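Over in Swiss-Prot, the protein carries these features:
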- G120, H121, L122, S350, P351, F352: (6S)-5,6,7,8-tetrahydrofolate binding site (BINDING)
- H224: site 'Plays an important role in substrate specificity' (SITE)
- K225: N6-(pyridoxal phosphate)lysine (MOD_RES)
Amino acid sequence: MNYGKKSPQLWAAIENEEQRQQDTIELIASENIVSDAVREAQGSVLTNKYAEGYPNKRYYGGCEFIDQVEQLAIDYAKKLFNAAYVNVQPHSGSQANMAVYQALLKPGDVILGMGMDAGGHLTHGATVNFSGKLYKTYGYGLNPDTEELDYDEIMALAKKVKPQLIVAGASAYSRIIDWQAFRKIADEVGAYLMVDMAHIAGLVATGTHPSPLPIADVVTTTTHKTLRGPRGGMILSKSTELGRKINSAVFPGIQGGPLEHVIAGKAQAFYEDLQPEYAEYIQQVVKNAQAMEKVFNTSKQIRVVSGKTENHLLVLDLTKTGLTGKDAQNLLDRVHITTNKEAIPNDPRSPFITSGLRIGTPAITSRGFKEEDAQKVAELISTALTNPTDEERLQEVAKGVHELTTKYPLN
């Protein structure tokens, strides 16, 4: 009987990935390193259990302990964000956004969200995404001079297109977002305001970024990224009335059985996020990003979009290096620094090529990196990107990476 026999090929790949993570400086802004406790929760016997429905309202028997797990996740999240309503069942951030759209809109309604070339997400209205196929979507951009959100321009666009829903939030924007300005715009045109805080949820939880919870109608987030939890989604609101609509949109609207082993991982992560040391971690995340910003701002060839960061990430304009974002990503992969290509504002190149890079500090901060380490990483990146064909310099960069990953092991 081979029940439980491990696949050698599968486990070799898993072990290789673990070694890759150990040997690599991870700068993808949406990635982080979960605790052993989160991994244990995800690998628990909860993966065996089906539990359609919600706590104390299940369609299956034997859910008494599952109910406890899911309720803990809800209660921890409510406390973490001071929310009246929480749904922890969405399988991803995209599923969370889809559920909100289904709860509040009908097909063909107008959504106004941040354009992808300005730092928005696929689910904020991209034509290739369900959001752009089911709804009529428009994208707002950035002020071309400051590369920051221009709330007057967004107001003018909202008055023109008359959206039923405005989406605030971004996947590649390094500045503080003014939720009250978005509330004013939404009220002016009679639209719902949804905030997608997937990237900055950890900053919101600790007060490092202003909270949208008292201001927005609905807030969505992922549970990984800065929250340092398992991959998944969550929906929050100050309104329990809207919450009832959203619950129906999640189940039975777009999902069946929830992934209770992942929800257990979410509960464990939220518990960790409620501890005092988590706020210290988030503060260090921002300090590390700002330490990297200082290095890049001294470069003659690498430009920080908008000139600074106020959160966990930076977008780098590589135009003067002669490298595309794809070139730079591949080059840095060679020296064991993982990043992702990113469009810069009004990027002339395709999303598959781009003219920029997005880098973030959550994962390196989880490993223990401080400001001086983050500065060293930025210097290594600058050396590589400005000497892309100098093998000797690239070997020096790889050596510097190895020194840092050895100094700060993954576990």
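Including glycine, each Cβ sits where the backbone N, Cα and C put it.
A map of Swiss-Prot features onto the structure.
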| residue | record | DSSP class |
| --- | --- | --- |
| G120 | (6S)-5,6,7,8-tetrahydrofolate binding site | coil |
| H224 | site 'Plays an important role in substrate specificity' | coil |
| S350 | (6S)-5,6,7,8-tetrahydrofolate binding site | coil |
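Counting only residues at least six positions away in the same chain, the Cβ atoms of G113, M114, A126, G139, V167, A170, S171 sit under 8 Å from the Cβ of G120 ((6S)-5,6,7,8-tetrahydrofolate binding site).
A distance of 22 Å separates the Cα atom of P351 ((6S)-5,6,7,8-tetrahydrofolate binding site) from that of the residue listed as 'N6-(pyridoxal phosphate)lysine'.
The residue listed as 'N6-(pyridoxal phosphate)lysine' and S350 ((6S)-5,6,7,8-tetrahydrofolate binding site) are 26 Å apart (CA-CA, integer value). Among the residues the record lists as binding (6S)-5,6,7,8-tetrahydrofolate, namely G120, H121, L122, S350, P351, F352, the two farthest apart have Cα atoms separated by 16 Å.
The two recorded residues, K225 (N6-(pyridoxal phosphate)lysine) and F352 ((6S)-5,6,7,8-tetrahydrofolate binding site), show a Cα separation of 23 Å.
A sphere of 10 angstroms centred on the C-beta of F352 ((6S)-5,6,7,8-tetrahydrofolate binding site) encloses 9 other C-beta atoms. A gap of 24 Å separates the Cα atoms of F352 ((6S)-5,6,7,8-tetrahydrofolate binding site) and H224 (site 'Plays an important role in substrate specificity').
The candidate set comprises the recorded positions K225, S350, P351. Of these, K225 has the most other Cβ atoms within 10 Å. With respect to their backbone Cα atoms, L122 ((6S)-5,6,7,8-tetrahydrofolate binding site) and H224 (site 'Plays an important role in substrate specificity') stand 18 Å from each other. The Cβ of H224 (site 'Plays an important role in substrate specificity') has S30, E31, N32, V34, P230, R231, G232 as same-chain neighbours under 8 Å, each 6 or more residues away in sequence.
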